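TrEMBL has this to say about the protein:
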- 31-52: transmembrane segment (TRANSMEM)
- 32-494: domain 'Ammonium transporter AmtB-like' (DOMAIN)
- 64-87: transmembrane segment (TRANSMEM)
- 139-161: transmembrane segment (TRANSMEM)
- 168-189: transmembrane segment (TRANSMEM)
- 223-240: transmembrane segment (TRANSMEM)
- 261-278: transmembrane segment (TRANSMEM)
- 298-319: transmembrane segment (TRANSMEM)
- 326-347: transmembrane segment (TRANSMEM)
- 359-380: transmembrane segment (TRANSMEM)
- 392-414: transmembrane segment (TRANSMEM)
- 434-467: transmembrane segment (TRANSMEM)
Amino acid sequence: MAAINDTITEISQGLIDAVVSPTISADINNYFTVMSGYLVFFMQAGFAMLCAGSVRSKNAKNIILLNILDACFGCCAWYLTGFAFAYGDPVPYEQCNGLEGAELDACNAGPAILGGVSASQGFIGNRWFVMSKLPRENYWFWFFQFTFAATGATIVSGAVAERCKFEAYMLYELMIVMFVYPVVAHWMWSSSGWLSPFRTPDTKTGSYLYFAGSGAYDFAGDGAVHMVGGVASLVAAWVLGPRIGRFDAAGNPVDMPGHNAALTLLGVFLLWFGWYGFNPGSAVYWTLPGVDHASQVAIAAAVNTTIGAASGTIATLFIAMAYQYFTLGVVVWDLIIAGNGALAGLVSITGPAGFVQPWAAFIIGGIGGFVYFVASKVNLHVLKIDDPLDAIAVHAGCGIWGLLATAAFAAPGMVSDVYGARADNDEQRAYGFIMGGSGAVLGANCMAIVVIFAWTAATMTPFFLLLKKLNLFRVSPEVEAQGLDVSHHGGSAYPHELAAKGVNINGDSGFSMTPEMVDRKIEEALERLQMNGKQVSI
């Protein structure tokens, strides 16, 4: 019996060793990350539905097409230069250590593994343009990071809805994915970025330089994705100006509700679902050889994402209800506000998702709902900026809050699970100041907020102003009044609306009529027959 037990133990241990072997572990991690990328890509469908429901029916086709272009132009831009600028680092120090002169230069130029650092490349990457010499074993990373770039770019479509020229949006998409976003991603997440906690040794000196002693912590992209998209939205909406009729002569806002609340909330739920790839997938591994429970980082991110979204929804719903009650004396449970509250909670927890305990996620999501509501009111009533989807408040406002929340609530053990020990001295990583940390992460994350805002505004403002100067940015007042679907995209998304107005939607000499129009025509014919003294029955 003892021999049988020993045999079973040996077999079990062999299976365990096989499962966690480096090769199989890498395959499992690649599968996990690629599947997460599928979910992130599916967020494009969520954005499409969210945007379609939030605009007027005469612009539904236009905004959905913009979302399709986010994926397509974003992919081309990421392929050409985006990935290279974001992650095209030199090879690691360990691979080139001991080489000199021409051999060192050749090593740095070679198609080595992903990662590495040169102190001179802390600003932008410089290799793997059009995926040239990118090893196939790193294609999974290219794909996963593409979905993030496309998601960040999509944010602006809501801020410029109903008045932006189609051609201008295509140019914007190339600009932000080819250059603006990749630079920030390089700073924050590459192994050579000057703000990155992933820094590896300098190829020439072997030294480490963590900014503020920690680097900026941003688990899934509050700064790199949401702040970039949110600040670009702010600049775009400001340069483009409000929709016709959005403000009255006195400057007071005039309501312009979207045409379909059901589509809007469908978009919210699709985005929430996709966020389970966005946040947990950012762990980029499920199992590691020699590490027990390596999947806990991704699982914790999933739990925190759920809690943050839920608390954000509830907080925003009640805050909006209280605001309506104390200002107008009525109780309104606003569906659209609740949906935006969910997105506010999701954005707020994106940066801290892998670093914080569930109780902190609850607080972060709830405060995120408050941040969104206040930012939305300031944006509309103080700054007089027309943002049909509240993209600025949701993504810029809550993105900033998420980075601050990370600096406050990041737990020491969880930070180490994500980043490991410091690579330079094997000490514990810095953690949140509320959790007893030193404040190093707060300093680094505040710097990240400042430079991301400054970089995005400094690059996108002249770009949008140039489009405006060349009369390439905004459609004419006549086109805006008519709607972009009819003027640019072959007709309304809802043909029965045009048919009810007697508009030819078939492209021939006839008219397409709704059932109501048919009934009315029959009634009119019967009335004429009866007036002529004829008895008619149906």
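Cβ from N, Cα, C; glycine included.
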Candidates 31-52, 168-189, 261-278; stretch with most C-beta pairs under 8 Å toward the transmembrane segment (64-87): 168-189
Recorded stretches the transmembrane segment (359-380) and the transmembrane segment (139-161) touching, at least 3 CB pairs under 8 Å: no
Among the ranges 168-189, 326-347, 434-467, the one whose Cβ pairs under 8 Å to the transmembrane segment (223-240) are most numerous: 434-467
Sequence-remote partners of the transmembrane segment (31-52) [C-beta within less than 8 Å, at least six residues beyond its ends]: 60, 63-64, 66-68, 70-71, 140-141, 143-144, 146-148, 150-151, 154, 157-158, 161, 260, 263-264, 266-278, 280-282, 284-286, 298, 339, 389, 493
Candidates 168-189, 261-278, 326-347; stretch with most C-beta pairs under 8 Å toward the transmembrane segment (392-414): 326-347
